[in-house]
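**Q** Pulled from Swiss-Prot, these are the listed features:
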type	residues	note
TRANSMEM	9-29	transmembrane segment
TRANSMEM	120-140	transmembrane segment
TRANSMEM	149-169	transmembrane segment
TRANSMEM	174-194	transmembrane segment
TRANSMEM	214-234	transmembrane segment
TRANSMEM	236-256	transmembrane segment
Amino acid sequence: MIKDYKVSIAIPIALLILSILLIGFKGIPKSIDITGGTEITIKVNENMDITPLKESLNGIAEVKKLESADGYYIVIRCKNEDVDIVKQKIKEFFHVDSLDKLNYSEKTIGATLSSKFFEEGFKAVGFAFMFMAIVVYLYFRNPVPSGAIILSALSDIIMALGAMSLLGIELSSATIAALLMVIGYSVDSDILLTTRVLKRLTKSFDETVKEAMKTGLTMTLTTITAMLILLIVVKLFIPVADILANIATVLILALIADIINTWLLNAGILKYYITEYRAKKI
């Protein structure tokens, strides 16, 4: 399974460093949940050309069109201070004197509330990760296997954030919730692998990892499949439910990262621990 643990560890570490560089230099786009602002959603029955609206709101607001089974949706996002200008441009585009004549909805989040949510959201992620790390250490009571699990889980989160930066997925209330879910999803296969390896020392390392991989990959791929189905359904039938789409996307990215980190990084560290570190102690 793992011929050279150094190569096995190096691949996910390289991806981890790349993710950190992406986050540091490119950043992660933030939704109005984080930055504060107004989102106006207008339902229309025909496929309209929104290029004139985009041009009139260039530099003021973000405009996009979504298609679903029951029609089309035009979504406009802007800063709270620009909302009056944006509404005026919308009225001019649709040739109406009031937005009440349109099938529209409006969501506004203040800057203070959004910054507070951002702060509390990441506190929740931090505390969840810390308590997970404590539980893992108390269970295994060994710094090397415990550290491997914690490093793998941390790498899952950072790689997911790096993928969000690369793909332009916004950091929002939904994606922060997804990151919280990632902590739970990411450690199960790591704990499965570590428990199997440490409790079956009479078997060869590669044989034990292969057995654990069958169960672990089945669990992970089942979840990825479920999230893919959710993502496809949302994109095709309810595109305005972008919260569900964002959660599904982040979980898929994180679970792909988890496959790499569990079966290369964690397994590589465990092979070093069993074949070299532990052997020297004995």
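Every residue gets a Cβ built from N, Cα and C, even glycine.
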**Q** Contact between the transmembrane segment (174-194) and the transmembrane segment (120-140) is defined here as three or more C-beta pairs under 8 Å separated by at least 6 residues; is that satisfied?
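**A** The transmembrane segment (174-194) and the transmembrane segment (120-140): touching, yes.
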**Q** Should anything in the same chain at least six residues away from the transmembrane segment (174-194) have a Cβ under 8 Å from its Cβ atoms, list it; otherwise answer none.
**A** 33, 121-122, 124-125, 128-129, 132, 136, 139-140, 145, 148-149, 152-153, 156-157, 160-161, 164, 209, 212-213, 215-217, 219-220, 223, 242-244, 246-247, 250-251, 254-255, 258, 261-263, 266-267, 270
